[in-house]
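Student: Sharing the features that Swiss-Prot gives for it:
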SIGNAL    1-19  signal peptide
REGION    171-191  region 'Disordered'
ACT_SITE  Ser225  active site
CARBOHYD  Asn284  N-linked glycosylation site
CARBOHYD  Asn377  N-linked glycosylation site
ACT_SITE  Asp434  active site
CARBOHYD  Asn440  N-linked glycosylation site
CARBOHYD  Asn448  N-linked glycosylation site
ACT_SITE  His503  active site
Amino acid sequence: MRGLSYFVLALSAIDAAAAASLPFLRSLQHVGRRDPAARNLPNYDFSAIPPVEKRQTASRLNGKTKKYAVDGTKIPEVQFDIGESYAGLMPISTRKDESRELYFWYFPSENPAAKDEITIWLNGGPGCSSLEGLLQENGPFLWQYGTLYPVPNPWSWTKLTNMVWVEQYNPTDDNPSRPVGTGFSQGKPSVRSQEDVATQFLGFFRNFVDTFDLHGKKIYIVGESYAGLYVPYIAHAMFEKKNKRYFNVESTMIFDPSINKDEILTQVPAVPFVEHWKGLFPFNETFTKQIHDMADKCGYSSYMKEHLVYPPKGKLPALPKATPECDVWTAIFDAVSLVNPCFDVYQVATTCPLLYDVLGYPGSFEYLPAGANVYFNRTDVQKAINAPLQKWTECSERPVFVDGKDNSEPSSFTIIPDVIEKSPRTIIAHGDLDYVLISNGTLLSIQNMTWGGAQGFSQEPSKPLFVPYHDRGSLSTLSGAGVLGRHHTERKLTYVELYLTGHMGPQYNPSASYRILEYLLGRIDDLSK
């Protein structure tokens with residue numbers, strides 16, 4: 001998910017005779033090639049989950065849903081059947097004159113364990129399209145950076161649960177010379193806070209439930225980045241309704257979330273982040289001293305040392321008001337962008353060249369090669385998925401909120417603790433290569449929260465996140481196995497840190513994100529097994 005603005009082998013010498021006696025060593029010509037090897041370790045078994053394209057009958061097709069039906073064999077550039085799905089605009093109220101509508105794309109699952117649930121996915125921004133999540137993170141087909149065509153996604157969340165990707169509220173623009181805005185959702189700006197966003201989303205979702213006969217289904221709400229506000233506020237609003245026929249919310253999960261003030265999430269942990277990934281930030285001694293001096297002078301160094309502790313010593317004090325002289329995050333971004341002009345704030349291990357992205361945004365900034373088109377801006381694509389024929393952009397540069405200001409408090413202050421109390425499981429996950437929002441900022445936020453009768457975690461997250469080994473499958477959808485992170489749970493809140501993972505967890509670490517979803521849904525009870 002984009003958003004939060006547009007910002008980043010050594011070989012041992014071996015004696016030839018000794019090498020000859022070691023049959024497992026490879027020649028230099030063989031470096032990079034993988035030999036198949038048997039593993040006596042836990043494995044994923046996908047055999048019980050039939051591919052979505054094998055569906056013989058449409059499970060949700062009826063008179064009410066027919067207008068939303070998508071022909072899974074006629075998605076432009078997709079050379080396989082994506083299966084049963086429904087897409088289009090749904091109004092946010094039952095008013096006959098309602099002009100505000102949210103765009104959705106709904107995929108029923110073939111997994112029998114999913115029959116009594118629905119999972120909602122929201123991207124963030126604010127002002128970024130959830131179709132990015134569908135196409136490049138966790139949908140049934142993927143078209144990722146630098147690839148020629150869409151491919152089937154073996155880690156599609158539709159293999160586990162019924163999924164609906166919903167584009168957040170987006171204002172239309174009366175100026176025809178400018179893009180209509182993010183995604184396909186329609187309406188003039190009217191939201192001033194997350195409470196307003198939640199109210200409108202619940203209006204949409206009630207209509208969605210009525211249309212697809214999903215009454216009483218357990219609801220899981222998942223999102224990333226600025227959805228660290230959307231998800232808990234929407235869940236809180238659903239709990240407050242006390243109406244399980246329409247709003248039977250079960251649990252929530254947020255990836256790399258915006259849950260606190262920017263100073264905590266970005267400025268305070270910036271210099272320790274650079275130190276941890278020193279090889280990716282090859283600064284000279286002069287600049288390294290400069291950013292350390294900035295962090296010391298602005299109180300960031302002492303703040304980290306004193307408050308990122310387990311258990312916490314008490315409520316975290318407010319930081320002094322931010323000044324340009326204390327903007328160490330931007331100083332680092334500007335400096336590393338000189339060394340690595342393709343620096344990606346969403347995944348800091350990225351280097352040049354910039355890869356082609358069919359959504360036009362392959363890193364810290366927009367980029368589309370000459371002659372290329374943004375996929376969802378194509379008329380044939382829009383017709384195939386029941387979208388309005390209009391200009392589509394992945395992220396809007398125009399304000400989503402009235403006057404460009406979200407008047408809500410950060411979700412970690414009050415809303416997330418309330419949601420944790422009312423849910424069987426709440427998960428906060430964070431990629432360790434994310435610079436746009438830094439994992440230690442999320443941990444600081446958790447250590448400042450009070451829920452379940454205590455503040456923060458009593459222990460630092462340290463348990464291994466284990467992903468079962470699996471067949472490599474297609475080279476186009478490789479994903480890791482083994483220990484891919486660390487995790488910790490206390491009082492129904494689970495924190496997961498994903499190793500070698502950027503801002504968009506399901507994009508950069510699909511197998512681990514799939515595993516975490518299994519835990520959220522209650523399909524597994526231990527992330528270390």
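Placement of Cβ uses the backbone N, Cα and C atoms for every residue, glycine included.
As the structure is a computational prediction, the values presented were derived from the model and not from experiment.
Map the listed features onto the structure and describe their local environment.
Tutor: All chains included, 28 other C-beta atoms sit within 10 angstroms of the C-beta of Ser225 (active site).
Asn284 (N-linked glycosylation site) falls outside any helix or strand according to DSSP and counts as coil. The number of other Cβ atoms within 10 Å of the Cβ belonging to Asn284 (N-linked glycosylation site), over all protein chains shown, comes to 10.
Under 8 Å, Cβ to Cβ, and six or more positions away along its own chain, Asn377 (N-linked glycosylation site) finds Lys391, Trp392, Thr393.
Long-range neighbours of Asp434 (active site) (same chain, six or more residues apart, CB within less than 8 Å of its CB): Asp256, Val345, Tyr346, Gln347, Val348, Thr501, Gly502, His503. In the three-state DSSP assignment, the secondary structure recorded for Asp434 (active site) is coil.
Under the DSSP three-state reduction, Asn440 (N-linked glycosylation site) is assigned to helix. Under a cutoff of 8 A between CB atoms, and with a sequence separation of 6+ in the same chain, the neighbours of Asn440 (N-linked glycosylation site) are Val268, Pro269, Pro272, Phe273, Met304, Leu308.
In the shown protein chains, 19 other C-beta atoms lie within 10 A of the C-beta of Asn448 (N-linked glycosylation site).
Around the Cβ of His503 (active site), 27 further Cβ atoms fall within 10 Å across all displayed protein chains.
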Student: State the Cα to Cα distance, in Å, between Asn448 (N-linked glycosylation site) and Ser225 (active site), rounded to an integer.
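Tutor: Here the two Cα atoms lie 19 Å apart.
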